[in-house]
Amino acid sequence: MAKAATEGYNILKAGGSAVDAVEGAVVILENDPEFNAGCGSVLNEKGDIEMDASIMDGKDLSSGAVSAVRCIENPVKLARLVMEKTPHCFLTAHGAEKFAADVGMPQIPVEKLITERSKKHLEKEKLDKGGQKPDCPKNMGTVGAVALDCKGNLAYATSTGGIVNKMVGRVGDSPCIGAGGYADNDLGAVSTTGHGESILKVNLARLALFHVEQGKTVDEAAELALNYMKSKLKGLGGLILVNKTGDWVAKWTSTSMPWAAVKNGKLQAGIDLCETRTSDLNFTVAPDPGLSCEPVLLCIKENERHGVRMELEAALLTTMGPWECQHSRIFHL
């Protein structure tokens, strides 16, 4: 998690955009087999990988998403190419993979993305024969990031392998704009995680920003959105939200949520409410002299408690304009 935080922080310190930062952080997480995205994604009922990802630029609402892709090492990179190289927002399965080939993105054997850990997860789930319940999600995972850069541009990116033992072709919230994430420079950026079907039904990311639009604080907006999903559907989840002025919140309705944030070269991390640990990080790039503010990054990691296993990963990266630097902070659920 520190590696992803360092990557995103370095991108922002070097003058990179919010989109660059969220993509860079998520790529690091997709490449780590410990997380349920890219290499290490959980397996469907046939023992195969089907990955989803999305990305959005709050400057003009440009967005790109892919779902059910198999032989792509970094689905978030493909989602960004959909955003920037096609007139569409969303490509799926074989169409997405054909587009990847057309633009020269290398494809790898799916076997290289499947880990022994994922195989064991599938075996255990099949033995347990447990159905998916919104109040007790199993092996769910999301890696993601949100950012606010020094130009005031917001962005989010999300990537996931979905839920273990899912039906072939199942798509959750992560690639769906408005559910798995949303970014609008006039409002904020959100990335969500949790029970995908519940998040889809309430359009969780955009719901949270709706409350911001109505004048609620980020804390109030997140709480209202998550409580609505829980009361209507018994769905558990979480979100990270940063608004256009740099106010942020990380909220969840699960037992706990591991997270990490970087500011001023300091890495802060925690799992439960009111728990924070701080350590120094060594960054590898010099800051862009044109930047007058300090970037911040937050990550969340997998959680496993009381039989509820939520493989959640998120990174929040942000940097505020000169008028906001004294309040520079970030969060991600």
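Cβ coordinates come from backbone N, Cα and C, glycine included.
For THR142 (active site, nucleophile), the Cβ neighbour count at a 10 Å cut-off comes to 36, with all displayed protein chains included. Summarising the annotation, TrEMBL assigns active site, nucleophile to THR142.
TrEMBL lists ARG170, VAL171, GLY172, ASP173, THR193, GLY194, HIS195, GLY196 with the feature substrate binding site. For HIS195 (substrate binding site), other Cβ atoms within 10 Å of its Cβ number 30.
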10 Å Cα neighbourhood of THR142 (active site, nucleophile): matching binding-site residues from ARG170, VAL171, THR193:
THR193
If you draw a 10 Å sphere around the Cβ of THR193 (substrate binding site), how many other Cβ atoms fall inside it, taking every protein chain shown into account?
36
Report, as a single number, how many Cβ atoms besides its own are within 10 Å of the Cβ of ARG170 (substrate binding site).
18
